[in-house]
Amino acid sequence: MAQLDVNNIMGDPFALVTLSMAMIGWLLSLVTCVISDVQGIFPNYVWWAVTYMFVTIIGLAIVMGSQTSHVYAIAIVGYLAAGLCFTTLAVNSLVYDGSATKQAAAAGFILQSMVIIIWIFYFGSTPRSSTRGYLDHSGGAGNEHHSYRNSKPISNSYGRPETTVSGNQPPQMYTSAQLNGFETSTPIAGYPSTATDNPNNAGRFGQAPIGSQTNLTPGNNPVVGAGGISLGMGGATDPSNANEISQPTEYPYRAKAIYSYEANPDDANEISFAKHEILDVSDVSGRWWQAKKATGETGIAPSNYLILL
């Protein structure tokens with residue numbers, strides 16, 4: 001569950017400035033609306049706008065403080081769009097009045113409307129947009145905390161690299177006894193015969209052909225696990241190769257994390273990283289990138305949590 005941390009707001013200039021401006025505008029409109037209501041006739045609708053904006057500002061402060069804006073971005077834009085309508089109607093009800101307090105209240109709603117427009121543009125943009133990327137980069141990585149992490153933000157249907165661990169399926173083990181009788185005794189067009197009764201069926205390098213009884217004797221038969229990973233001779237599993245993806249030697253790209261991410265504990269190939277952390281990336285194709293942290297730790301990372309530098 002996301003944890004609220006005030007440092008996430010204090011360390012983010014965009015969140016700090018916009019929330020401060022919105023709260024100043026709301027306080028200005030609240031005080032002047034109270035004074036105007038005491039002095040004389042006051043449109044009751046404006047109180048709904050004041051209440052709605054207070055709840056909206058508090059909600060956005062919680063979202064920014066817990067770094068869950070990427071989870072609630074669509075809902076945030078919807079609430080802000082409604083709030084922009086309410087503040088605009090409140091301005092229209094107050095700005096044309098000759099009372100100085102009502103005009104001051106209208107000024108407070110105008111300030112809130114300006115902040116709402118900025119928020120709609122920010123939360124309505126994708127993390128890969130240039131403006132959104134610039135605002136995200138303005139936050140210091142040193143002030144970032146692991147306040148929000150999701151171990152499974154992306155489903156496996158996005159083309160995630162499959163491993164014997166992440167597949168959650170027992171590997172299919174085949175021994176020579178199980179394969180007995182499946183050898184091809186009749187030659188097929190374009191393929192050499194692998195029958196064991198053919199004396200000329202020796203391998204090119206003096207070994208028995210693949211699929212022959214000689215090649216599949218107990219203790220020599222290669223066992224294949226799920227995903228086509230060879231488990232060695234005689235069915236012995238090599239733990240260093242069965243559960244890990246081969247590591248590249250070069251990382252020509254650099255990427256910056258736009259969100260925090262915690263690796264799935266059931267998959268040793270994933271890595272965890274914090275927001276604004278810089279990673280070296282070897283390949284930017286696909287939805288999961290092979291990345292390397294500054295500490296030397298390597299693994300796969302979801303591409304929609306990263307932005308290329």
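Start at 1 and count along the chain as shown; that gives each residue its number.
Note: Cβ is positioned from N, Cα and C throughout, glycine not excepted.
Residues or ranges marked as compositional bias 'Polar residues' in Swiss-Prot: 150-175. Residues or ranges marked as domain 'SH3' in Swiss-Prot: 250-309. Annotated region 'Disordered' per Swiss-Prot: 134-175, in sequence order. The topological domain 'Cytoplasmic' annotation in Swiss-Prot covers 1-14, 66-70, 125-309. Taken from Swiss-Prot, the feature topological domain 'Extracellular' covers 36-44, 92-103. Here Swiss-Prot flags 15-35, 45-65, 71-91, 104-124 as transmembrane segment.
For the topological domain 'Extracellular' (36-44), the mean pLDDT of the prediction comes to 90.
Tertiary proximity for the topological domain 'Extracellular' (36-44) is limited to same-chain residues at least six positions away from its ends with a CB under 8 Å from its CB atoms, namely 93-94, 99, 101-102, 105. Note on the topological domain 'Extracellular' (92-103): residues 32, 35-36, 39-40, 42-43, 45-46, 109 of its chain, located 6 or more positions outside it, place their CB under 8 angstroms from a CB of the stretch.
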